[in-house]
Amino acid sequence: MRFKQDFFEQLVGYYSQVFPQGISNPHWLAWSEDAAGLIGLTQPTDELLQGMSGNAQIDGASYYAQVYSGHQFGGYSPQLGDGRSIILGEALGPQGTWDVALKGAGPTPYSRHGDGRAVMRSAVREFLISEALHHLHIPTTRALAVIGSDVPVWRETQETAAITVRLAKSHIRFGHFEFFCHSERGAPTKLKQLLDFTISQHYPDLSCDAAGYKAWFARVVTDTAKMIANWQAIGFAHGVMNTDNMSILGDTFDFGPFAFLDTFKEDFICNHSDPEGRYAFGQQPGIGLWNLQRLAQALSSIIASDDLIAALNMYQGELVKHYLILMRGKLGLTTSVTEAELDDQDLALIGGFTSLMERNQLDYTNTWRRFGQLDPSSSHSSLRDDFVDRDGFDAWYQLYQARLGNVEEVEQWQAARNRANPKYILRNYLAQEAIIGVEEGNLAPLQQLQQVLQNPFDEQLEFDDLAKRPPDWGQGLIMSCSS
């Protein structure tokens, strides 16, 4: 790997230098060849294993943990920071740079009495979800590898430590700006320096002046809205949408007790630590705006309030616009830019269908996938038999056919639905089965699941079992933040 060190060299005071604590008996548990290509790597090697496990230094790496703060479940925490993640620097790849971070590499000054380790199960989950979201075309950080060890760590019970090698276009979060707004570490000078660095590194078409700041914040709002629209369309619940878990680039970031919907539930809670449902599936769009408001508050000494408000007022429209693009693709609806009056009609049609799904306790992903088998020219839908409330479905289907209109090339239409509606998602029970395999020394379930998730829209008939509804024990699994 070749590195540059722009964050480390230009933002002194925004991090603490800290070196990994090596792990005993390091061994590869998972490797993403696709992610490796982003930073010019091909195959895992013994040299890489020693470096990424913290047992040897990597040439050109700087090793640091960033400091930030954030709103956690609505309350402000004045100092957080990378408590178990150590960044090596920005690796140079064929098409740009990627931060390389070792998550679980040992304690840092921001560990808050933690051991700085990650347990194997959380490392495997982060690896799988990072790669799954990428192949579902959802903006996300990436996972290069998981490195196992025989280091014991204690959570509720004794577990084994592992390291996830994470790649991110940037690790800058909403919480970075909050920290340098509210702390006494040279603010507001450091706040402006961070903003200028972010723009120059990641928005090179914008200037570091009032006009550039205005355009930048509007872009952050738009990118965040698009990210969350993607989540809602695919049925993904993040679980911990604290502001320190929000990427400034609109990438899905910091995976904990996430889940994809099994049976559709608007109020689905995937996080055992969120009994009130602050971060429930249906609350995510509103929380996205709330988090952006906290970011705007942190930037209010630099960016004019009118510009911040104008950008925030764009959020709902951007969210709905992108959500409609995705959902029309799932349903096979077409529209032109001159038919904006169809937006309300289509939102009602989409909402009517998801409500039917919820009342009939249907699987979200599998129900959408059935549109690839639908004959849209037929008055009788093969979907009808999936519903207990068939009268309700008939009423909805009549509205749907009227909106759809005439479809001349049915096979092409069906193929397009299969390109919009995945067959395979990372269901929590599948991740759990892969983790059990790793615990038993069998990497085959993990490797097979990784392979399938790389092509989620393909039939892959030999893996049909991985697309079925979960067994009773695996339905709607709720995870904890323990990692």
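Just so it is clear, glycine is given a Cβ too, placed from its N, Cα and C backbone atoms.
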Looking at Swiss-Prot, Gly81, Gly83, Arg84, Lys103, Asp115, Gly116, Arg166, Arg173 are annotated for ATP. Which of Asp6, Asp34, Asp223, Asp254 sits in that same site? Asp254
Reported as an integer number of Å, what is the Cα distance between Asp254 (ATP binding site) and Asp244 (active site, proton acceptor)? 9
With every protein chain in view, what's the tally of Cβ atoms within 10 Å of the Cβ of Asp115 (ATP binding site), excluding that atom itself? 17
Going by Cα-Cα distance, which of the binding-site residues (Gly81, Arg84, Asp115, Arg166) sits nearest to Asp244 (active site, proton acceptor)? Gly81
Cα-Cα distance linking Asn245 (Mg(2+) binding site) and Arg166 (ATP binding site), given in Å to the nearest integer: 14
For the binding-site residues Arg84, Arg166, the largest set of other C-beta atoms within 10 Å encircles the C-beta of Arg166
Closest of Gly81, Arg84, Asp115 to Asn245 (Mg(2+) binding site), Cα positions, binding-site residues only: Gly81
